[in-house]
Amino acid sequence: MMKRNILAVVIPALLAAGAANAAEIYNKDGNKLDLYGKVDGLHYFSKDKGNDGDQTYVRFGFKGETQITDQLTGYGQWEYNVQSNHAESQGTEGTKTRLGFAGLKFADYGSFDYGRNYGVLYDVEGWTDMLPEFGGDTYTYSDNFMTGRTNGVATYRNNNFFGLVDGLNFALQYQGKNQNDGRDVKKQNGDGWGISSTYDIGEGVSFGAAYASSNRTDDQKLRSNERGDKADAWTVGAKYDANNVYLAAMYAETRNMTPFGGGNFTNTCAATENCGGFASKTQNFEVTAQYQFDFGLRPEVSYLQSKGKNLNVPGVGSDQDLVKYVSVGTTYYFNKNMSTYVDYKINLLDDNDFTKATGIATDDIVGVGLVYQF
């Protein structure tokens, strides 16, 4: 019974923090440095050869802070991912820096940081991105404007509205242009800004909304189906997190922002090619329901869909589903550091002319993992 009670307290905190129990490396004279990470022994089972096989990875990072004055604190974070499913001869293939930023926190006046960080749209998207393995992929991609992890973002955050309203948080974000390092057109962005706000009204209930708008680069306008000057997105969401129950839902729309399909981003790709582009508009919906048993089991069922509008792929129609699946999974926590999970992605996309033309996968995937985290 004691173990069950401990797990009931530890696991929700683990899920909220993203790390089970960061190892404190140094804590002296107002300076603190923590190490966190995980090793995920992960395997996919699928008829799709591109998604079948070993997916093991290692992820670790540092969080540090320094007390400058009683009102001013400096902080920084760095996170790195190492793929462990490649031959040694392939070297560092798949390794990447996920996060890297530094900032200052000014007591109740908020915090400001700059670097590689999450875009403010993820403040709401993160509520539904809680599946054991899959999820968070209707419109959120790394280095896709301010939808996920991205470069060159200056972020101001304020919690509890200057200390005046408990649970009312907001963020303002600016992103500089990213196109000068030879990156793929799908990963480029012009100057942009975003705003988000979340409100925890108590009893486990929270609401949130976010908006972002960016200039598109010349390459994005010339080498894709959509040639609009701006890329925009907005999202709203809600969650309930109490009494061992977790429920969350999100709706979002994007314009000239969400990439789909393969690498041939041209406005003349034929239906027989692995073509793709930016969707003129997408409508995105995600919902997840989970329950945490005291003995460590956490079952989950979720539904995710992204519908693209005015896709301009010749011969296949202008409106198509880009993402559509049901996730059924469960995680079992042995303790705060060790867990195992299985996640079954039931792909509801049809194998049709559109998915063949764009190379979008339509097969189911089962992910099975064993995780050590600290």
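Heads up, the Cβ atoms here are built off N, Cα and C, so glycines get one too.
Annotated signal peptide per Swiss-Prot: 1-21, in sequence order, evidence recorded as similarity to another entry.
Residues or ranges marked as transmembrane segment by Swiss-Prot: 22-27 (among others).
As annotated by Swiss-Prot, transmembrane segment applies to 29-44 (among others), with the evidence given as similarity to another entry. If one looks beyond the transmembrane segment (29-44) by at least 6 residues along the same chain, the residues whose Cβ comes under 8 Å of a Cβ in the stretch are 19, 22-23, 51-67, 84, 133, 365-374.
A Cβ distance under 8 Å defines the sequence-distant neighbours of the topological domain 'Extracellular' (45-55), meaning residues of its chain 6+ beyond its ends; these are 85, 361-368. Residues or ranges marked as topological domain 'Extracellular' in Swiss-Prot: 45-55 (among others).
If you look up Swiss-Prot, you'll see 56-68 (among others) marked as transmembrane segment. Under 8 Å from some Cβ of the transmembrane segment (56-68) lie the Cβ atoms of residues 22, 30-43, 74-85, 94, 98-99, 104, all in the same chain and six or more residues away from its ends.
Per Swiss-Prot, the feature transmembrane segment maps to 71-83 (among others). Listed as Cβ neighbours of the transmembrane segment (71-83) (distance under 8 Å, sequence separation of 6 or more from its ends, same chain) are residues 56-65, 93-107, 111, 113.
Summarising the annotation, Swiss-Prot assigns topological domain 'Extracellular' to 84-97 (among others). On the 0 to 100 pLDDT scale, the topological domain 'Extracellular' (84-97) averages 83 in the predicted structure.
Long-range contacts of the transmembrane segment (98-107) within the same chain: residues 59, 61, 68, 71-81, 113-118, 142, 149, 153, 155, each at least 6 residues beyond the stretch ends and with a Cβ under 8 Å from a Cβ of the stretch. Per Swiss-Prot, transmembrane segment is recorded for 98-107 (among others).
Taken from Swiss-Prot, the feature transmembrane segment covers 111-116 (among others), and the record attributes it to similarity to another entry.
Per Swiss-Prot, the feature topological domain 'Extracellular' maps to 117-151 (among others); the stated evidence is similarity to another entry. Secondary structure of the topological domain 'Extracellular' (117-151) per DSSP (helix as H, G, I; strand as E, B; remaining residues coil): 4 helix, 5 strand, 26 coil.
For 159-166, the entry in Swiss-Prot reads topological domain 'Periplasmic', with the evidence type similarity to another entry. If you look at the topological domain 'Periplasmic' (159-166), the same-chain residues 6 or more away from its ends with a CB under 8 A from one of its CBs are 108-110, 200.
Under the heading transmembrane segment, Swiss-Prot lists 167-178 (among others), citing similarity to another entry as support.
Positions annotated as topological domain 'Extracellular' by Swiss-Prot: 179-190 (among others).
Beyond the ends of the transmembrane segment (191-201), by six or more residues, the same chain brings 119-121, 123-124, 145-146, 166-177, 207-215, 231 to within a C-beta distance below 8 angstroms of the stretch. Among the features that Swiss-Prot reports, transmembrane segment is placed at 191-201 (among others), with the record citing similarity to another entry.
The transmembrane segment annotation in Swiss-Prot covers 204-216 (among others), and the record cites similarity to another entry as its basis.
According to Swiss-Prot, the feature topological domain 'Extracellular' maps to 217-230 (among others).
Packing against the topological domain 'Extracellular' (84-97) from elsewhere in the chain are residues 39, 53-58, 78, 116: each is 6 or more residues past its ends and has a CB under 8 Å from a CB in it. Sequence-remote contacts of a segment are chain residues at least 6 beyond its ends whose Cβ falls under 8 Å from one of its Cβ atoms, and for the topological domain 'Extracellular' (117-151) they are 15, 42, 98-99, 101, 171-173, 175, 178, 183, 186-187, 189, 192, 194-196, 198, 206, 208-210, 212, 214, 231, 233, 235-239, 246, 248-250, 252, 254, 257-259, 282, 284-288, 290, 300, 302, 304-306, 322-323, 325, 327, 329-331, 341-343, 345, 365, 367, 369.
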